[in-house]
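The structure appears right after this line, and notes come after that.
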């Protein structure tokens with residue numbers, strides 16, 4: 001039975017995910033940053049613990065199989081979707097779910113929007129926690145169970161730093177069970193319990209020593225995240241030309257004054273701070289539900305044409321609804337069911353994971369990638385409850401019919417995501433703007449002109465083209481020069497290529513700069529030649545050879 005369910009999930013995953021490069025665009029900004037760090041790790045340093053080094057290491061490992069950056073991006077999405085789906089089924093089964101319900105839970109996750117939300121270090125953290133739950137499910141001792149869960153949360157925190165708080169909570173539970181055992185059962189610490197405590201402590205020390213402290217916050221990342229998300233909410237409710245993501249300090253100063261921490265912001269203006277938290281509280285439930293109610297690529301059960309993909313979405317949600325109604329109908333059995341040890345363990349794990357999830361959502365914003373792990377664990381809890389309360393009362397004949405319908409639905413109705421996205425808009429170009437630009441720049445053959453070991457300084461405002469073009473050959477000027485003016489970039493940072501898109505033309509740092517306006521009007525006066533790209537009005541401005549001489553930092557020097 002389990003082999004058949006896993007085979008069905010693999011077939012469903014293949015139907016959904018094959019050929020992503022023909023319909024799904026490249027993910028920019030954070031996802032591109034992780035990919036860049038993974039590809040440059042062989043000649044650079046490991047990122048600080050608060051910047052998700054585990055995800056960059058994951059990219060490094062995958063690059064051994066897919067060295068080309070664009071192929072690596074799509075392979076990463078496919079591998080993580082498949083592994084987390086299989087992991088969801090396996091850990092639900094190990095925690096006590098019946099095969100049919102574990103299959104339903106894993107399918108709801110795979111065919112929702114959740115695994116397709118960038119950036120994707122959350123998927124790696126989810127995979128780590130699924131593996132930890134599978135291992136812990138074989139352990140009867142509460143001390144050993146929480147030692148494994150806490151270790152999994154620590155490893156996951158090197159992909160999602162907020163889970164370091166969950167690690168601390170799980171470690172406290174582990175310590176509590178150790179002390180309880182020592183007091184009530186007089187453990188000697190020389191046997192298995194002592195070995196578990198010693199191994200756990202040693203593992204934690206080695207991980208923190210090797211990868212750092214995820215709560216170290218050496219770059220004040222937590223406050224900058226608050227800065228951006230508060231600015232976004234503020235600008236959305238108080239329309240302004242300020243770009244909240246790039247100019248958030250301006251908003252923070254106008255509301256809170258000169259502050260440099262979340263606590264300082266709360267003390268400076270409690271009313272504005274609590275307004276921000278209240279806005280997030282109102283959005284939390286809807287964001288949590290819509291993440292799993294919607295399908296990939298914006299597929300809705302309530303809007304759009306009645307194609308096979310929408311029918312499948314409706315049937316999956318109907319199955320979840322039927323399970324929920326069945327649980328409500330048999331509510332009298334909940335008390336005895338909740339006493340089941342595996343269900344209690346799942347409840348405790350969900351509670352521990354929920355703490356950083358809720359704090360991140362309320363202090364920053366309930367963004368989709370914060371809510372993925374919470375959603376999968378809630379699904380697992382529903383499947384465990386259904387297995388204990390409802391399934392036993394359903395006749396075998398009905399169970400077989402439902403299982404057959406679920407199997408046929410997944411096998412026949414699952415859409416191909418790339419095909420759906422491309423046909424939905426009348427062709428892939430509308431959905432693959434970034435990939436098109438990357439391919440157009442590659443066609444210019446700039447890398448072949450670079451001397452060995454040199455990089456081309458590239459100015460662009462959409463965060464990540466250098467990563468997909470190849471970080472060995474391209475240098476992201478804007479990424480490493482915050483606050484530098486356009487004139488300084490040209491004179492001091494030896495910009496050799498400029499990707500002219502609407503995003504750069506509207507970029508806050510340059511849009512009111514008269515020198516940048518002059519450049520847009522006549523790039524030839526600055527020694528640049530325009531190479532039009534596929535989209536109308538877009539071009540790559542390349543420093544003309546006669547204006548440069550060889551340099552160690554790029555194609556040349558002005």
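Placed from the backbone N, Cα and C atoms, the Cβ positions cover glycine too.
In TrEMBL, the transmembrane segment annotation falls on 195-212 of the listed ranges 141-158, 195-212, 213-230, 231-248. Annotation: stretch 99-117 has the most Cβ pairs under 8 Å to the transmembrane segment (314-331), among 71-92, 99-117, 165-183. Where the transmembrane segment (165-183) meets the stretches 71-92, 99-117, 343-365, the count of C-beta pairs under 8 angstroms peaks at 343-365.
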